[in-house]
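Note sheet for the following structure.
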């Protein structure tokens, strides 16, 4: 049976009927007797898309249903692979309500074809969310006898009525409709009764709305409508049939509408919005504002030929598609259509990078704005889009970016450059437009609100109004971004829309309860928007808020819930249906209520006037208990795409305030993956769910005590003083120079920012730390890592803020700021600040990672973080932003002080103090940075140790790796780490994670989550059977680092050890720069490990803190009083040369150090048994070699350079022991201050080693070289006629770098020590042999005590005669023992030399009075002691040279092996003569080179005897010395 509609209803307002699978369908079937038998006509033509049609093939119909999961799940089961069928359907379940039947074949799930998918894949797709969109193929459902209504599951429509307007031309007549029936309804009388009641209420509401619309109509029309709509109350009470019979148009409209909104099976969207949109546009409505008026506000069209669209009638989508296609073709057309642009912006913000489009739009506004107003906009465009760290940075050519930057800095107009930048991003924008067009062709345009554009018809007014409505949905999308991105996006959209003239209509006034609730929160919404400042009075706040609303169209939607329709979260089915069902309680609905479009639901679902926070429906499948269903939702729900509508938004606020036992899965999956706190506006919008969720302190922080709330009130942000001049009077500023004004500005900035930083620390304490501690949200250990010493840090900054306030109270002008700065950053205050700050900052990265983990795993902690970070005192900053404020503050201090120094007059005491304070700030920052780095490295080492697997190493037999079977990485300090590739052979490589520790290199192999310590082997060179095993752990004191000549990314680590043959590791970095970093750090670590082989040196007599030298007897001690402890004492060397101090400063330091405590004596046997590290030859340690010879116990494997260093040190110590009485400073009488002293050193070789141009006694320029009596000789110079071999050691550096490359000569003695000591000159005799006299003979000159030492009055010619002249080619000395003892007590009668004297005097200790010679046997004990020292040194030197010989032989074997293989395919076989020779030249010291050459000539000879090895190091002339050791 069919229903004939009256002629007053326009055909164009009708739509296809949705699927009726509820008790409503049962009730509708009873209406079959209401109409006459006039048949409706349908169009025979139909052109439907596959997803929209009902395909009938062999009795089967393809349809689409959308199922919403309820508390029992989806309510059906599936079976089969490839052909997946519905096996069973639960009666009354979600699937049955949606129209799923047993035996239906599933074609698509959520748009994905499943015809080739397995059973498990289909089930997984269906369970991927709370909604499932299924395309089914099955038998056609039974029909109901209602004509004009089509029950197609894929189509849901609502009959629309229009105001009375001139109708368009009628369409052609339609053929009779076909009748398609739906599934049988549920037989529930209560449900039918309830549905009938709802329809009656809707009918009354329609009458009232029509009466409101009728007055503007003509009198005749009004009488006609009243005649049709006058309903007798008695007739209404008698039953619905009579009312429906008299008013068929209204009843059918209600049937259409209620079939969608009241059907319990339609809690989820079961319709395709694309179909609704296109059907609605089949015949465009003329002259009606359909986009603004909801259904119940529109009148009835007086069209003379109303027709309803038949069930099989299709529509012509050409007009709308063509119009939209034209607009969506390029950006120029979009800019002129704001509504279409907002739809495109919704797509961009959901699916693409919004930066290029927003940059283009803002630049467009800039182009059309006058230069005065566009100046600030240009800076905003730079900060948002073009700066290096801009939140929405776009990629434009660097030249354009630099030009824009330059013009903005110079206050020039960058319009032309911005035009070019727009063209640069236009290509990417066009690609985004094409992407959107492709999605439109797939029917996805409705997801972004394109349905709302159907009735615009090119009307600019309606288009502008539609754009205003679309901005609401845009605001919801923006609210899901993080704050640092959402605020710039909001600003950019607001800028263009304001320029385009888009304004929002004033929303209707809310109810009293809403006003009362929203009033206290007004101020809390304002900080969400940029450049909104707090004002002092409430009137100003309200005025600014109103201005913001006018400027920012989005503010009306995201500010606070002004009206019920605006407070609805779009897309929430529960709210929409509940909203509609309770609408009858409002007697007079307002016609201006706006409709919000979600893009994924039919428009009519959203048309309502009010909202209620309760659910009172009790029908089958209703939303009763929906909150419990959502709370119990399991965590397997996968996150929906950002383009999808958030179905759970309205229930989110309730979930935020659940108990601690709520399931973690109830949280939004998106919030778990991206722990961004909700904004204040977003929290406010949720207040529609619970009236008590207003954004106030007692709700957000329910557990804070009253005193805490009082402290929070003290934390209100103070008004930021932008300009110091605004805080003082103009008369004060008028009397100051511009430089002083700038200085006061910087000082004021320091004060204000320090107070702001203190507020930030208090926020951390009150809102986070105190609550976490009171509520036991974190264990004490974790809390101690996150806030280790926060109260101490607050106290430090608070004390300084108080001091600054007192300083400010003294007057508006701060005259001298240096003393407070020094008081804060120097002395004990500096130590306290750097220690507390380092402790606070060290574990921040570890603690923040812990917080992220807890947020993912613990729902209670996640809720707390959301609440706390949403507090207004946090100023939209998250915990991770607040906790790093201390580190950021430390970096600001040097910059602020530098600016103050810049505006402070130089040369004043204040300037010097400020410079010192700045330097101390940098030291504090450096200290904290190092502490943070070490803590992070230690944390990473702990992680590596947990994953370390050394089982393979425990089973290995490699002796090198035996001691590392129980390796503990946490006991060492990590220097560097990173991935490297190990080329084991030509065809085998291995990816490694390499750790560089302070004494080890660890090669870790990744295997899943484990890190393996595993030995690897390869075939040895020259043998096909034997294999060489490589240890994964290398000691740094036994390795060499070399670069690979044929690969700029590779380097060698060569391990030399007594436990096995040399091993070569070829490691390849990712880039050449990485390789350089690795080599630099490795060489430095090798050098440090070589200085301290094995374990750290054990100091025999530890010096007091701060001392750099052993404590001496003071200025009264003489050289005769030297004891064993002084001879053998070693000290901890400095890491590097002190910067800045010259000779004078060094001498002063030594004089101060020399006043320390006496050094205790030790037995010589004990000294011989303890290992020694060679003292540094740098800086201050060079001058004590006569008193600090090194005893190195060769107990472990040593690097070759270490042996060479030690041997050379012994050579120097031996020379000084022999010749100490002849060195400068032991004169017969005291020299006058400032008088230059002649060089008394008898040999050129000694001069060349012990003097340098930068010594105090040598001014640095070359003296007259008429003979060899001068102390100073320029580096590298040599007397004429002198044999090079004689002084071969004279020009050798005392040590080498670990890389094997020899540096320029370094200081061999410490001038400061030389200037602070006293020395007798007659302890024993030294006989010099002159090998060649001027006449050609050989003679000898005996020097005995001080009588043979020439004084300063002797001429150079006399000295030349004694020493054999300048042509002497070599000298040799031997010791002649004195006959009697030497008096060891001399009393001082003078004062130490003045600093000026130190420049001219030699740096050796000087005697304050003339030496009084003593005869006899008084010096026998000293001589015997010195002889023992000499021979002990010679013995140690012999051992070291033997070891050096062995190292040289091992090195030669290593070079031979390198020549025999190509190093994993990178080093050619024939490259030994180049690379090996280069290594030989750079790695061997000159004495070792001579030994190597000698060994090469002798063939298989094992090496020279100890005497020969000693002679190599000691030989200074052509004649053997008398001090050469015996066997």
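Just so you know, glycine gets a Cβ as well, placed from its N, Cα and C.
Swiss-Prot marks one residue of 1385, 1463, 1504 with the annotation phosphoserine, and that residue is 1463. Checked against Swiss-Prot, the range among 1379-1411, 1412-1444 recorded as region 'Disordered' is 1379-1411. Checking 38, 676 against Swiss-Prot, you find phosphothreonine recorded for 676.
Swiss-Prot assigns the feature coiled coil to residues 461-487, out of the candidate ranges 434-460, 461-487, 569-595.
The phosphoserine entry in Swiss-Prot, when matched to the candidates 30, 118, 1057, corresponds to 30. Here the candidates are 43, 1103, 1258, 1485, and Swiss-Prot annotates 1485 as phosphoserine. Swiss-Prot gives the label phosphoserine to one of 117, 288, 985, 1483, namely 288. Confidence for the domain 'RGSL' (323-503), expressed as mean pLDDT, is 84.
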